[in-house]
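In TrEMBL this protein carries:
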{"type": "TRANSMEM", "residues": "40-63", "note": "transmembrane segment"}
{"type": "DOMAIN", "residues": "41-444", "note": "domain 'Major facilitator superfamily (MFS) profile'"}
{"type": "TRANSMEM", "residues": "83-103", "note": "transmembrane segment"}
{"type": "TRANSMEM", "residues": "110-129", "note": "transmembrane segment"}
{"type": "TRANSMEM", "residues": "141-161", "note": "transmembrane segment"}
{"type": "TRANSMEM", "residues": "168-187", "note": "transmembrane segment"}
{"type": "TRANSMEM", "residues": "193-214", "note": "transmembrane segment"}
{"type": "TRANSMEM", "residues": "278-304", "note": "transmembrane segment"}
{"type": "TRANSMEM", "residues": "316-333", "note": "transmembrane segment"}
{"type": "TRANSMEM", "residues": "340-361", "note": "transmembrane segment"}
{"type": "TRANSMEM", "residues": "367-385", "note": "transmembrane segment"}
{"type": "TRANSMEM", "residues": "397-416", "note": "transmembrane segment"}
{"type": "TRANSMEM", "residues": "422-440", "note": "transmembrane segment"}
Amino acid sequence: MKMDIKEDVEGGKQKGIREPLIGEQNNQLVHANKDHHHPWMVYFTTFIAVCGSYEFGACAGYSSPTQEAIRKDLSLSLAEYSLFGSILTFGAMIGAITSGPIADFVGRKGAMRVSSAFCIAGWLVIYFSEGPVPLDIGRLATGYGMGVFSFVVPVFVAEIAPKELRGALTTLNQFMIVTAVSVSFIIGTVLSWRALAIIGLIPTAVLLLGLFFIPESPRWLAKRGHAKDFVAALQILRGKDADISEEAGEIQDYITSLEQLAKPKVLDLFQRRYLRSLTIGVGLMVCQQLGGINGVCFYTSSIFDLAGFPSATGSIIYAILQIVITGVGAALIDRAGRKPLLLVSGSGLVAGCIFTAVAFYLKVHDVAVGAVPALAVTGILIFPVNIKGQAGSIATLVNWFGAWLCSYTFNFLMSWSSYGTFVLYAAINALAILFIAVVVPETKGKSLEQLQAAINA
């Protein structure tokens, strides 16, 4: 079956592919170059896929603008709402862990359908909730869908994109997440919490409809041995007149070489040669999640209220700033390198925590109270947006567990000491900067093999 793929491509047997006559070669080359520069089907397919990223952001951004209204309407205690806000990440942890097997078994499109179904069910349960239990069930379901999306969308986009567009298209994943969080913050200031839940259905509706018009991942089809479907999907993505023989051959050779490798076991990760890689992956996840960003993201409105700043205005400013920062970060990441941006991001978190801690300290001790709102807003706006990178299963588990721990404990920490909370986060982020500076290597300009060699040196 695998040989059929290469034979179909190289022999020109697939419908729509044939050996050009001598006189037609120039025309075909022009058409191929035209499709190479204008692969509209790749853009359309990516747009449909990143609707899942938008849904991810809609789920993450829901709890901040709705906290006061939900607690009032359903008479929830602080502990009950903290569970509602944080249980999303617990569902996402389960979704992220199971997303790989699901995507391998039913395909990338099938995994996105499964994820959409959980999100739709979750939003509807939240909409009709009259108490904390159904509210938590709905939030858990949307979290599971969010976790699956966090894996399958960037994988799908990377697998369908030509190599010259892969970097640009994969950045759309994070940009759509941030945009959705920001939109939720903004429209959540004017819509009821039930209406905002219904709005959460829109991205999944667009995704489910769009999946009927886009091809499955060619790489997944090749891996499953669907020769004709693989060639047809790749041809659709590259254009009907494009020559796909070279790319198809490379894909099949790569998949064949992967299948010849021994399947890795979880315990293999703890061998000495992999230990530094594991330390870097898990360490970055711990630094990212325990630095407080999820607490700020999930409960932005309540922080502004506590500081005496209008929560609606603060949330809108914060939302707009997130989009700008993410856009700038996406533009600079390949030029400046990952490590410098991580260090800048960590420094911003420390500064933001210090500003916010000082603001709440002044408020608690009734000193310069007039400066408190400005200091708190400045501190929160410095917080860089949370960028969730993909990692291995252990790092992913740590990532989502850290997200749950941060979002669940945030309100309790704020009740204990508003300024002490941000002093704690500042200390964690300062340690994160030290970890990044000493342990994490730069990836700019290095191949995967060179990077692995540098890590293991």
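Indices start at 1 and increase along the chain as displayed.
For all residues, glycine too, the Cβ spot is worked out from N, Cα and C.
Packing against the transmembrane segment (40-63) from elsewhere in the chain are residues 84-85, 88, 112, 115-116, 119, 142-143, 145-146, 149-150, 152-153, 156-157, 160-162, 165, 169, 172-174, 176-185, 188, 196-197, 199-200, 203-204, 206-207, 210-211, 213-215, 236-239, 297-299: each is 6 or more residues past its ends and has a CB under 8 Å from a CB in it. With pairs at least 6 apart in sequence, the transmembrane segment (422-440) and the transmembrane segment (83-103) have fewer than 3 Cβ pairs within the 8 Å limit; the two do not touch. Listed as Cβ neighbours of the transmembrane segment (397-416) (distance under 8 Å, sequence separation of 6 or more from its ends, same chain) are residues 78-79, 81-83, 85-90, 92-93, 96-97, 147, 282, 285-286, 288-290, 292-295, 298-299, 302-303, 306, 388, 391, 424.
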